[in-house]
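Student: This is the feature table in TrEMBL:
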type	residues	note
BINDING	B:Ser47, B:Leu48, B:Arg49, B:Thr50, B:Trp75, B:Arg110, B:His147, B:Pro148, B:Leu149, B:Gln150, B:Cys273, B:Leu274, B:Arg301	carbamoyl phosphate binding site
BINDING	B:Glu142, B:His177, B:Lys237, B:Arg277	N(2)-succinyl-L-ornithine binding site
DOMAIN	B:7-160	domain 'Aspartate/ornithine carbamoyltransferase carbamoyl-P binding'
DOMAIN	B:185-311	domain 'Aspartate/ornithine carbamoyltransferase Asp/Orn-binding'
Amino acid sequence: MKHFTQFESKELGQELIDLALSYKANPRLDLAKGQGKRVGCIFLNPSLRTRVSTQIAAQNLGMEAIVLNMDKEGWALEMKEGAIMNKGTVEHIKDAAGVLGSYFDILAIRAFPSLTNREEDVNDFVFGQFVKYCGIPVVSLESAIRHPLQSLADQITIREFSLEKKKPKVVLTWAPHIKAIPHAVANSFAEWTVGMGHDLTITHPAGYELDPKFSQGATIEHNQSKALEDADFVYVKNWSGFNDYGKIISTDPSWMLTEKHLKNAKNAKVMHCLPVRRNLELSDEILDGARSLVQKQAENRIYAAQAVISTLLG
Amino acid sequence: MKHFTQFESKELGQELIDLALSYKANPRLDLAKGQGKRVGCIFLNPSLRTRVSTQIAAQNLGMEAIVLNMDKEGWALEMKEGAIMNKGTVEHIKDAAGVLGSYFDILAIRAFPSLTNREEDVNDFVFGQFVKYCGIPVVSLESAIRHPLQSLADQITIREFSLEKKKPKVVLTWAPHIKAIPHAVANSFAEWTVGMGHDLTITHPAGYELDPKFSQGATIEHNQSKALEDADFVYVKNWSGFNDYGKIISTDPSWMLTEKHLKNAKNAKVMHCLPVRRNLELSDEILDGARSLVQKQAENRIYAAQAVISTLLG
Amino acid sequence: MKHFTQFESKELGQELIDLALSYKANPRLDLAKGQGKRVGCIFLNPSLRTRVSTQIAAQNLGMEAIVLNMDKEGWALEMKEGAIMNKGTVEHIKDAAGVLGSYFDILAIRAFPSLTNREEDVNDFVFGQFVKYCGIPVVSLESAIRHPLQSLADQITIREFSLEKKKPKVVLTWAPHIKAIPHAVANSFAEWTVGMGHDLTITHPAGYELDPKFSQGATIEHNQSKALEDADFVYVKNWSGFNDYGKIISTDPSWMLTEKHLKNAKNAKVMHCLPVRRNLELSDEILDGARSLVQKQAENRIYAAQAVISTLLG
C-alpha cells in the first residue's frame, strides 16, 4: 500500500481490520514504530472526529502529528497548472505540497468537493494535486469522492457486530437533509461493503442515484420499506444529487429512519458516520436506543487511522 | 473528586494547594503518571492563559493534550433535548460529548454564559450537558458561573503570600469596565475564599449584588474605602448585573483601584485574573508596582491545573 | 547569543550554519537537550512554513512547542505605555508577554509591519515590546523589518551549493507583485549575505531603494540585466517602497525573472523564500527547472530553527 485513498482489495481490507482490532485491544502495541516520524494533517475543511482520531492514532504509534487548518491558518492555494498568479491565490499547490512533503513522513489530507464542478470533483482534482506533488505517502481524511478512513472504521464495526453471520445484509439508506451534502461517505461505504464481500442494498428516492462507479455490485431498491426487510446493518446517510449535480432533489421526511421503519428488521443495527442531524436524518429513539452503533463507529476511527498509518510506515 | 467544577471542601482545597506547590517546586515530579493518557481541551470561547497553562500541566504529567477550538475549528452544537435539527446546529451535544468521552481520559471544557438567559446560565446548562453526556471526568476551564481553576490558582497565591497570617483579610472589589462581563471569576473567588476559611469582604456599587449562592459567608460593604481598610489581599474584578441580568449598571471611574485607594491598607497585595484593562480596572502604578501579584497568579495556573488533573487521574 | 533577532557576526553565522548542517545529517542528534523545556510560538500573522518548521525543530530537540495564533485564537493587544484601555484592546503587551515569559523557556514571535507607520515599523515596535517584557530568550519568526530564520536557511543553502567557490556572486532582484509586501526578507537577506562576506548586488527599479541600514555593503545596480551577469545565486523577492513607504511604485512585468534573464548567468541558482506567485514574480520554467533551490531553502528552515533554538538553550 503506497497511499490510503480508496478500497484496494479484500485481502488488504481484512489485514487492516485485523490490525485495527489488535490496536483496539492494545493501543500502544507499536509505540516504538513511529518514533521520530511525523504526520502532517492538512485540513482544507473543518473536522472534529477526523482530526482528533488521527492525532490520537499517530500518538499511539509514538509519532508527532501536526495539524494545519489551511482554511483558517493558511492561505488560498492555486491549483491550476501554468496559472498567472496575479489574483487571490497566494501559493501554488506544487510549492506548498513539495514543502509539506519535505517536512513530514506521511501527509493526511481533507479536501471536500465544490459540488458545483462535477468533472473536477469526480476526478478528485484538489486531493490529487496534493498526492501528485508531495512525494510522500498520503492518507485521505475525506476527498471530494471518498472517505476511506470512515469506511474502514465502519467495516471494523460491522466485523465486531457480525461474528456469527459471514455475509450480513447491509442496507445504505438515503436520509433527508437541509443542505447539499457530498457523496464521499456513501461512495466509500458502498465501495468497501461490496469489496469486503457483503450483501449491499442501496435505497433512495428517484433522482439520488450515486455515481455507478461506486454503486456497482449493490442492489438498488427504491422502495425503502422493502430494502430494509431483514437488514442486519442499516447505514443512514444523506447525499445530494449526482446526475443533477449537487442539487437537493427531495427532502421527503418519510425517509427519516425511525423504529417504525425497522419493524421487519428486528435485529438491525443502525450506523451513521456523524455528525448526524437528529430527528431530520435519524430519530432520537434509534440514536439513543440499543440499535445504534454510531458511538462505536466513531471510536473505531482511532484504530482505523492507526492501522493505516502503521501500514504506511511499513 | 469525580469532576473539578466547583469548590467542594476545605480539606480537598488544602490537598490541591499542597500538591500544586509540590509541582511548582518540581514540575516533572509525576511525569510517569499520565503516560498514555489524554486530556481533551474543548473551548467554546477563546483563551490564552487557560489553554496554555492546561497544556503545560498535562505535559508535565506526561500526558497528551489536544485542543479543540469549537468556536473556530468546529461547528454549532445543538443543546436541546428532542430538537428537530433542521436549522443551524450541525451536531447534538449528546453525540459530540459521547465521542469526545471515548477519545479522552479527561475532558476540560470552557463554556461562557450568554448573559441574556439568566436561568440557563445559572443552571450552567451548556457546561452541564457536556458533563452529562461525556461519561468521563470533567475539568471546568470556566463555565457560565464558575472558574474554579482560576480560584485554585488564586488560593495558591494567597497561601504563598500569607505565611504568617492564618486568616488574612481578603477584599473583592468591583471595577469599572466597558463591556458586560460574566460573574464566573467573582463567584468562584468568593466561593473558594469563604470555603477556605478566609475573611472575605465584597464591595461594589449598589445594583451589582452577586448571586447570593456565591456571596454567602462574605461581608457586603458598599463603601469601597471602608471595605479596603487593612486589607491583606485586594482582588479586583468587573462583573455585570446579576439582578438586572447581564447589564452595565455603572461605569463610575472612581471605583478603579489606584494607590490612593490603598492608603489605609499599606501591606495589601493586589490580585486580578487577567486579562486586565489597564487604567480602566486597575492603574498602571499598582500593576507595575510591588503590590501586584497578577503574574504570580497566572504562573500558578499551571500548577493548579496540574494538581487537578493529577488528582482526577487518581 | 541572548536572542535571535538579527545578524550578529560572521563567526556566529558560521557556527549556526555548521550546527544546522549537523542536524540536517542527524535530526535527533540532540534529542535530550530540550527535554522538559518549552517554546511558545506566537503568531500575530499567519504562517505555514515558519510554524511547522519551528515545531519540528523543537520536537527534534525533545522540546514541546505550543502554538498561539493571537490573530485568531487570542485577542487584541495594547502596545502603548500608559494607555487607558477603554476601547478595543483587551490585554496590555506587558501583562501578556510577562505571562508567556513565565510559561515558556523560549518565545518565538511573528509580528509583521503595518506598512503605514514607517517610524513604528523601522523601530520594530511591536516585536520589541515582546522582547522588552517577556524576560526570556526570543526568536524572531519575522518581525517588521527582519526575517533572520529565513536568512539563516538561505545562507545554509548557499553554503550547500557553493562548495568550490569561496565568494560567490549573489544578486537580490526585485520582482513584481500585486500587493504591498514588507521589506523583512529583503533586508535580512542583504544583512546576512554581506555579513557572511559574500559579494552582493541588489537590483530594482528606481524608487525601490531599501533602508540603507540594510543595503550598505551591497552594490546597487538599476540595470537588472547587468546585475544578473555571471551571478551564482539569484534571490528573487518583491518589496514595497521604503522612501515612499509601503507604496507600490511599479509592477513592471519585465522584471519577472525568466530563463531569458539568465542567459548571461548560465550556472545561476535561483532562490525565493516562498510563498511565491508563479508567473508574476518568477516563471514556471525556472521554478520547475534545475536552477531552483526554493524547496531546499524551505527544508533548511527546519535546521536553521533547530540550530538557533539549540544555541539559545546553551
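Glycine too: its Cβ is placed from the backbone N, Cα and C atoms.
Just so you know, TrEMBL annotations are computer predictions that nobody has curated.
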Student: Among the binding-site residues listed here (B:Lys237, B:Arg301), identify the one with the smallest other-Cβ count within 10 Å.
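Tutor: Across B:Lys237, B:Arg301, these binding-site residues, the one with fewest Cβ atoms within 10 Å is B:Lys237.
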Student: Please report the distance from the Cα of B:Lys237 (N(2)-succinyl-L-ornithine binding site) to the Cα of B:Cys273 (carbamoyl phosphate binding site), rounded to the nearest angstrom.
Tutor: 8
Student: Going through the binding-site residues B:Ser47, B:Arg49, B:Trp75, B:Cys273, B:Arg277, B:Arg301 in order, which have a C-beta under 8 angstroms from some C-beta of chain A?
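Tutor: Filtering B:Ser47, B:Arg49, B:Trp75, B:Cys273, B:Arg277, B:Arg301 for a Cβ under 8 Å from chain A leaves B:Trp75.
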Student: Let me know how many other Cβ atoms fall within 10 Å of the Cβ of B:His177 (N(2)-succinyl-L-ornithine binding site).
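Tutor: Looking across every protein chain shown, the total is 19.
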Student: Please list, for the domain 'Aspartate/ornithine carbamoyltransferase Asp/Orn-binding' (B:185-311), how many residues fall into helix, strand and coil according to DSSP.
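Tutor: The composition, in the requested order, is 49 helix, 19 strand, 59 coil.
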Student: List every residue in the same chain as B:His147 (carbamoyl phosphate binding site), at least 6 positions away in sequence, whose Cβ is under 8 Å from its Cβ.
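Tutor: B:His147 (carbamoyl phosphate binding site) has long-range Cβ partners B:Ser140, B:Ala184, B:Val185, B:Asn187, B:Ser188, B:Cys273.
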Student: If proximity means a C-beta under 8 angstroms from chain C, which of B:Arg49, B:Trp75, B:Glu142, B:Lys237, B:Cys273, B:Arg277 count? These are the binding-site residues.
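Tutor: Near chain C, the qualifying binding-site residues are B:Arg49, B:Arg277.
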Student: Check the Cα-Cα distances from B:Trp75 (carbamoyl phosphate binding site) to the binding-site residues B:Glu142, B:His177, B:Arg277 and tell me which is shortest.
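Tutor: Given the candidates B:Glu142, B:His177, B:Arg277, the nearest one is B:Glu142.
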Student: Looking only at C-alpha atoms, tell me how far B:Ser47 (carbamoyl phosphate binding site) is from B:Glu142 (N(2)-succinyl-L-ornithine binding site), rounded to the nearest Å.
Tutor: 10
Student: Near B:Leu149 (carbamoyl phosphate binding site), how many other Cβ atoms are within 10 Å of its Cβ?
Tutor: 27
Student: Report, in whole Å, the straight Cα-to-Cα distance of B:Glu142 (N(2)-succinyl-L-ornithine binding site) from B:Arg49 (carbamoyl phosphate binding site).
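Tutor: Computed Cα spacing between B:Arg49 (carbamoyl phosphate binding site) and B:Glu142 (N(2)-succinyl-L-ornithine binding site) is 12 Å.
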Student: Using DSSP and collapsing to three states, where does B:Arg49 (carbamoyl phosphate binding site) fall: helix, strand or coil?
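Tutor: DSSP call for B:Arg49 (carbamoyl phosphate binding site): helix.
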Student: C-alpha of B:Glu142 (N(2)-succinyl-L-ornithine binding site) to C-alpha of B:Leu149 (carbamoyl phosphate binding site): distance in Å?
Tutor: 8
Student: According to DSSP, does B:Leu149 (carbamoyl phosphate binding site) sit in a helix, a strand, or coil?
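Tutor: The three-state answer is helix.
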Student: What mean pLDDT does the predicted model reach across the domain 'Aspartate/ornithine carbamoyltransferase carbamoyl-P binding' (B:7-160)?
Tutor: 95
Student: 10 Å Cβ neighbour count around B:Ser47 (carbamoyl phosphate binding site)?
Tutor: 20
Student: Cα of B:Arg301 (carbamoyl phosphate binding site) to Cα of B:Arg277 (N(2)-succinyl-L-ornithine binding site): how many Å, rounded?
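Tutor: Approximately 20 Å lies between the Cα of B:Arg301 (carbamoyl phosphate binding site) and that of B:Arg277 (N(2)-succinyl-L-ornithine binding site).
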